[in-house]
Amino acid sequence: MANDYLFTSESVSEGHPDKVADQISDAILDAILEQDKYSRVAAETLCNTGLVVLAGEITTTANIDYIQIARDTIKRIGYDNTDYGIDYKGCAVLVAYDKQSPDIAQGVDRAHDDNLDQGAGDQGLMFGYACDETPELMPLPIYLSHRLVERQASLRRDGRLQWLRPDAKSQVTVRYVDGKPDSIDTVVLSTQHAPDIELPALREAVIEEIIKPTLPAELIKGDIKFLVNPTGRFVIGGPQGDCGLTGRKIIVDTYGGAAPHGGGAFSGKDPSKVDRSAAYAGRYVAKNIVAAGLASRALIQVSYAIGVAEPTSVMVNTFGTGRVSDAVITKLVREHFDLRPKGIIKMLDLLRPIYEKTAAYGHFGREEPEFSWEATDKALALAEAAGVEPTARVA
């Protein structure tokens, strides 16, 4: 890659239609796990103008009011008026869940002498990533993009900008020099709004109240391009503006394009699905590698075959930043992390109802107490095994 380049990532708010769908799917998953933590859940959601469709496969002993959970989630997000795009009180909610296929279940349920030998719920490949661009060990563009739409939601909820509505999108372009963030080049923020706010007043408020307080002062160099509601009007939003679907914001959910993605979405899936659990484990592994001081960037790929517990492959790439070889780090990963599906579930304590919180503002890089995959508790052991000094980020 060139020595001096621009890189861009985007995020969306909790009121974006695809994120509404993700949050409903994960709220349903949490409700099920509260009653039956061994449930098999693949909860998909579609939301459109005045309509929510719940479909997928669920096998559980839990007794759940799916319709009420969908309405409560829409209400929490802030859609309590049809003028905003959907109204939790009046929208239709259709439920069409099947049970998990027995052909899939037999491969996942099969147990051997080792009770950690549960097979993977599907084939596939998953990635984890970490870098030293932020204290949270996340790429800076996606980190800032999340913080912008989080602040938009905060100012909407506390009433400081009463004309804000739930739907919003952000995009941040960062200039890199010698592989490190040097300055912010462009910030795009589009926010749904009440019809009576004038565009100049909206743009000034968004720049002064949302964007500028979010940007790190040391990265503000020269003139930043601020593009606020570039189309000029964003009154129609949410599920009325676009049909929302679970799993359609997988790059927003992860690393903003700074790392590859295996293609599998997260929301609505119980942790027997390696699409979710192995991606969380990949983040955990990568973050501990960087926190241990083994590298300043780390990418992990892990792959699985359906019904087979052991990964079919584990790969580590540190992009030339490693203080020991990638082969040595890969060996350490194999020794210090159990990447079998049930091993991941045990290692990260994933049978908890913790997932609705993940469904907006990123699954990674957030210091939430439930997010066990953000811990750096393996870093000291990795550093000692590799013979290097850990960084100050070990926690």
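Placement of Cβ uses the backbone N, Cα and C atoms for every residue, glycine included.
These figures come from a predicted structure and were not determined experimentally.
What Swiss-Prot annotates here:
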{"type": "BINDING", "residues": "His16, Asp167, Ala168, Lys169, Arg233, Phe234, Asp242, Arg248, Lys249, Ala265, Lys269", "note": "ATP binding site"}
{"type": "BINDING", "residues": "Asp18", "note": "Mg(2+) binding site"}
{"type": "BINDING", "residues": "Glu44", "note": "K(+) binding site"}
{"type": "BINDING", "residues": "Glu57, Gln100, Asp242, Lys273", "note": "L-methionine binding site"}
{"type": "REGION", "residues": "100-110", "note": "region 'Flexible loop'"}
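Shown here: features listed in Swiss-Prot, placed on the structure.
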residue : record                    : CB count, 10 Å
His16   : ATP binding site          : 28
Asp18   : Mg(2+) binding site       : 22
Glu44   : K(+) binding site         : 22
Gln100  : L-methionine binding site : 21
Ala168  : ATP binding site          : 29
Arg233  : ATP binding site          : 10
Asp242  : ATP binding site          : 18
Lys249  : ATP binding site          : 25
Lys269  : ATP binding site          : 27
Lys273  : L-methionine binding site : 23
From Asp18, Glu44, Gln100, the binding-site residues whose CA lies within 10 Å of that of Lys269 (ATP binding site): Glu44
Those binding-site residues, out of Asp18, Glu44, Ala168, Asp242, Lys249, that come within 10 angstroms of Glu57 (L-methionine binding site) at the Cα: Glu44
All-chain count of other Cβ atoms within 10 Å of Glu57 (L-methionine binding site): 16
For L-methionine: widest Cα to Cα gap among Glu57, Gln100, Asp242, Lys273 in Å: 30
DSSP-derived structure type at Glu57 (L-methionine binding site), helix or strand or else coil: strand
When distances run from the Cα of Lys273 (L-methionine binding site) to each of the binding-site residues Asp18, Glu44, Ala168, the nearest one: Glu44
Cα-Cα distance linking the residue listed as 'K(+) binding site' and Arg233 (ATP binding site), given in Å to the nearest integer: 31
Nearest of the binding-site residues (Asp18, Glu44, Gln100) to Asp242 (ATP binding site) - Cα to Cα: Asp18
